[in-house]
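Visitor: OK, TrEMBL features for this one:
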DOMAIN    608-803  domain 'YrdC-like'
TRANSMEM  7-27  transmembrane segment
TRANSMEM  64-85  transmembrane segment
TRANSMEM  105-131  transmembrane segment
TRANSMEM  143-171  transmembrane segment
TRANSMEM  242-261  transmembrane segment
TRANSMEM  267-287  transmembrane segment
TRANSMEM  299-316  transmembrane segment
TRANSMEM  322-337  transmembrane segment
TRANSMEM  349-367  transmembrane segment
TRANSMEM  498-521  transmembrane segment
TRANSMEM  526-547  transmembrane segment
TRANSMEM  553-576  transmembrane segment
Amino acid sequence: AESLHSSVGLLGISAGSLLLAVRFYSLPRAAPLIPSTALGVLLLILSSLLAYTGVRRSLRNASLFLSLCLTISVFWCGYGVVFILGGQGVLNDTGDFRNALVPGLVTFTLALLIIAAVGFLCGEVILAMIASAVSLASAHEVAVLYSTAFGSSAVACNYMVICLVGGYFALGRILYFLSKEKIALPGTDLAKKKTHEQIQSTSGSMNRFAVTGLILNMLSASVFGCRLLGVTGQLFVGQVPWLWAAGIYQIGVCVLSYRAMDVLMATFFGFTSILKFAGGYCLLYPVWQPEEPSFPTPFLVVFSILFVVLALFLALKSPVDGLYLLFYVAYCIALACRPKGFFEGGPQGVGVAIFVASAVMTLIHLYNGNASAKIPTGGGAMKALLARSSFLKLREGADLHTPYLGYSKYADAEVLGYACSVLASFAVTRTGDPQAPLATVVIPWVVVAGGILKLLGGSVAFARGKTLESSAFILYAVMWIIWGLTRYGGLYGTTRSFHTAVGIIAFMLFNGFIVFCTLFLSIAWFFYSLTFFLIAISFLLDAVHALPAGYDIAATLIFGLVSFYCFLSALFSSTFEGSCLPMGRPIVQLSGVGGGATKCLHLPARKASSVKRIADILKNGGTCGIPTDTVYVLVAACNRPDAVEKAHQSKRQAQDRPMSLWISSLKQLEPAKHLFTPLLWDFMEAAWPSPISLVVPRGEWVDFLGMRDSAKYVGTPQSVAIRIPDCSVTTHLIDLVGPIVVTSANPTGEADTTHHNQVYAKLGNKVDAVLCDGPSPENIASTVVDCTKIDSGNIGFFRVGIIPKSQVKSVLIFFLLP
């Protein structure tokens, strides 16, 4: 798979370069061989392919390849849309085409040059050659756009170099496979790079997607910086593809940063995506209105405050990154001071500074992610400083982003969700002009911040097992999107207002249910959902044109302050150990509900280290919930009588449903083999491993297991149920611990637990750990067979589970037949 993704990525770059080479070779002709619209569509298809291969390959820690693929992907995405606009006549003349292309070309000339330089320094010659060739091609194209003395054939030659490098790579891979891995051309043997990448991946957790996010910041800053420096003649619709392509990819980088477990940078990239969409909106607005849109001051003041807070927390881990965020604080302040926002010289000047700072940060992050030597960013000094503090201690280690309920591939996105609530709430204070509803830049803040990014936060929360929080985020996101587009899109009318009011009332009913549920979650979440009622009432009163003066400001301040507290609390909990700003305990506490959130260790079953840790807990007398070949069970080590008694008490085990015994192989009962009849022993060998529990006569063999007085909790005075589960994780655990005592992971009388989340909900505050493996492979328990009279040829069934009676009897008949 690694070889496939690398090959597809490099060959995709070669294919796009061939298209562009043909385009520029035929440019002097009256009609290019490839029409602009067709070329734009093909580039969009290739950009999607490159984004996919880059992300898939990134899972193997190929940082430079990831940066190259994603950078060229976003380049060709914006480039392709500009070509489509040109082919459809939106860009009327050469000047428009130049003004549209130059900001992107300038950005990617520098960005790809940085990637090429790091590639040569780190020995990635093929990737470096491709990056440098695309960089030179972009630089030549800028020269061609400003002076006809530069021939377009120079651009085509650079793209042909990429085609030749791609052909060399393709030849190397073909020879590699045809020779059965015996012949590998220099630079094409991916297997040699794998070990180096794996060593780098274990050296520390680094967000390898940050480089792409920083390049996207360069792109958006370039659009406005080029206008200030006179490189482009105007800001217009032709530059929107660069801004919105950067915004879309920035949201993708935000998601992937959560995948890289980097909460702070993911939040930062979410913030910057809002600015990119707002910038594109401003450039698009003059298409249908002659004047430039105005910026609402409250948004940007609040946004600058959020950037300051985020910069302070990020500076604790990397002071250089924290200083970089201060440029965006200045940017928001500059936008707030100028009513025309992006069209003013002040914000454009800060944009130039952001472009330079982003280029420097790109070089630092890319070099540190690929080279053995590192450029210092001050992180070590801050850690040493905080190590002396007894009040604040940074969260570090393998459990830094341990999921709330079980295994998740993403870090917690609640920080971004709360911050977006703060931003979107200030939209309520803007009444809007009925004659020109779009003249004030509000829709990007409401739809992108309150809607899209909150949906993202809800999706990540759901992946982490936070069902209630994710439901609230998704509900509020839908509410912000619908209300924002209706109010600030000029869709209000007599009939529409009535329909909008009915919809808002329905949302309020849903929110009432969420408020009720948050009583069992935390105090902060209760007030967060309760104060959203104030926002919903503001929506309702505005829809029916009965909004009292000042109510919207009061609702904004109350909901905004509660959201800001939740934002700070989530930042503290993701950065520091302990609860500096707690969310509070549940207002209504139910027995067993929420106990696993703070008391119960949860470990992913797919990791061998997790199984070993569970084994250590069991050896030390703990009880754990584990997955099996059927449903989840509660287990304790047989040689720890105290643990067996603890499991019995935590389960409130009924006398008619005693605990059973599990082993990993019959070798664990070999010392007591003489105490079993030959037929029973052979039947056990044939029946296991499987979801079949065999109830066998109780005897002296039980004493071999070391349960002592706690043996009374296992089985009945006459019999004991034994099983070897057909689950590699469970049997490996039993190999490490020895025979274990087992009972279902649910209070007596309740349904079986088929997901680790249910174990938390039912027994989370009564067990020491849960081995998390998602949903059970089966929702049916094991079949329990009565073998106490097997020597007479008869077996019975206490419970028919996943294995039918006929299958069990067929095994016995095999031994009874002469």
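A Cβ is built for glycine as well, from the same backbone N, Cα and C atoms used for every other residue.
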Visitor: With Cβ distances under 8 Å as the criterion, find the stretch in 143-171, 267-287, 299-316, 322-337, 526-547 that has the most pairs with the transmembrane segment (553-576).
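Guide: Highest pair count goes to 526-547.
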Visitor: Can you work out the mean pLDDT of the predicted model over the domain 'YrdC-like' (608-803)?
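Guide: That stretch averages a pLDDT of 85.
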Visitor: Counting Cβ pairs under 8 Å that are 6 or more apart in sequence, does the total for the transmembrane segment (242-261) and the transmembrane segment (143-171) reach three or more?
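Guide: No, the stretches stay apart by this measure.
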Visitor: Are there residues at least 6 beyond the ends of the transmembrane segment (267-287) whose Cβ is under 8 Å from a Cβ of it, and what are they?
Guide: 213, 216-217, 220, 223-224, 235-237, 239-240, 243-244, 246-247, 250-251, 253-254, 257, 293, 303, 306-307, 310, 314, 325, 328, 331, 341-343, 415-416, 419-420, 423, 438-439, 441, 443-445, 448-449, 453, 456
Visitor: Under 8 Å for C-beta pairs, could you tell me which stretch among 105-131, 299-316, 322-337 has the largest tally with the transmembrane segment (7-27)?
Guide: 105-131
Visitor: Report, as numbers and ranges, every residue of the chain located at least six residues beyond the transmembrane segment (322-337) whose Cβ falls under 8 Å of a Cβ in that stretch; write 'none' if there are none.
Guide: 268, 271-272, 275, 295, 297, 300-301, 303-304, 307-308, 310-316, 344, 346-347, 349-351, 353-354, 357-358, 361
